[in-house]
Amino acid sequence: MPTLTYGSVNRHENDAEVDNQETSLGASRDLLNNENDLDSRGEEWNEIRAEAKTLDDNAMSGFLNDSESKKLPQAIIIGVKKGGTRALLEFLRLHPDIRAVGAEPHFFDRNYDKGLEWYRELMPKSSDGQLTMEKTPSYFVTKEVPSRIYTMSKDTKLIVVVRDPVTRAISDYTQTHSKKPDIPSFESLTFKNMSAGLIDTTWSAVQIGMYAKHLERWLQYFPMDQLLFVSGEHLISDPAGEMARVQEFLGLRRVITEKYFHFNPAKGFPCLKRPEGNSKPHCLGKTKGRTHPNIDPEVVQRLRDFYKPFNSKFYQLTGHDFGWN
């Protein structure tokens with residue numbers, strides 16, 4: 001595990017040092033999850049179109065109320081991919097004081113040259129007292145993003161949904177395999193040298209789960225009390241409890257409670273329901289809850305051993321043991 005040093009907020013003079021640590025791990029080998037292709041965005045846009053009518057009953061109010069305007073987001077879900085960010089966003093969109101753009105804008109990593117006004121125009125209209133949000137999971141692992149969000153607003157609240165990095169990596173691979181069935185096996189992609197047990201940290205599916213390494217970059221700009229780490233596991237097993245933490249962090253009244261959730265055993269995660277009506281519970285799209293392939297147990301154990309020091313450092317930094325070790 002590389003040495004991790006954690007400076008105080010605003011130690012921007014150490015940016016070069018952080019970048020050097022990044023390059024010491026090698027460039028991200030993203031042959032399976034090409035950030036330039038449209039797979040992830042296409043999937044999100046399809047889900048948004050299908051879900052919008054169910055989840056956003058107040059969507060037209062912004063067009064009818066002259067007091068509403070488009071604002072830059074005050075809170076952003078910055079990660080992580082395959083952690084549960086879509087579920088969290090849809091849960092939050094039920095709150096009357098939240099207005100969130102559905103599809104991932106990818107402004108701070110892919111579209112930054114288009115400017116803040118372009119970004120603002122992507123946001124839904126909101127009134128005073130409402131919070132504007134977006135989610136783009138790749139922000140957490142993209143080295144340029146912390147400074148860019150800080151430049152927009154140093155008061156931005158940041159939410160990261162994390163889950164067991166081994167399970168997350170397998171889920172990441174499963175998503176890609178569903179689109180590209182001819183890709184190599186998970187086992188062969190995990191190792192630079194399987195006989196030596198050398199993990200390939202340039203493969204993005206592995207690199208994303210090194211949470212402590214990525215967190216170091218954010219702590220150069222934001223204090224820990226502006227970051228909330230949501231357990232992807234608890235978002236499934238206790239969605240109301242986890243949402244209570246999120247609403248408190250965002251300074252919102254607690255509206256989203258147990259009555260909004262219905263567990264779907266076929267999907268394996270909670271679906272949403274309107275507590276005041278008798279409508280059918282609404283579940284996330286068919287792309288969520290895919291069955292994972294069977295992975296060689298020895299490979300899984302080697303990955304667990306690899307992530308253990310990163311997990312321990314992450315627990316230390318966040319003050320919370322997520323139970324992955």
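Heads up, the Cβ atoms here are built off N, Cα and C, so glycines get one too.
In TrEMBL, the feature region 'Disordered' is placed on 1-38, out of the ranges 1-38, 267-304. Note: the Cα of CYS271 (disulfide bond) and the Cα of LYS82 (3'-phosphoadenylyl sulfate binding site) are spaced 17 Å from each other. Cβ neighbours within 10 Å of SER171 (3'-phosphoadenylyl sulfate binding site), excluding its own Cβ and spanning all shown chains: 21.
Geometry remark: CYS283 (disulfide bond) versus ARG86 (3'-phosphoadenylyl sulfate binding site), CA distance 11 Å.
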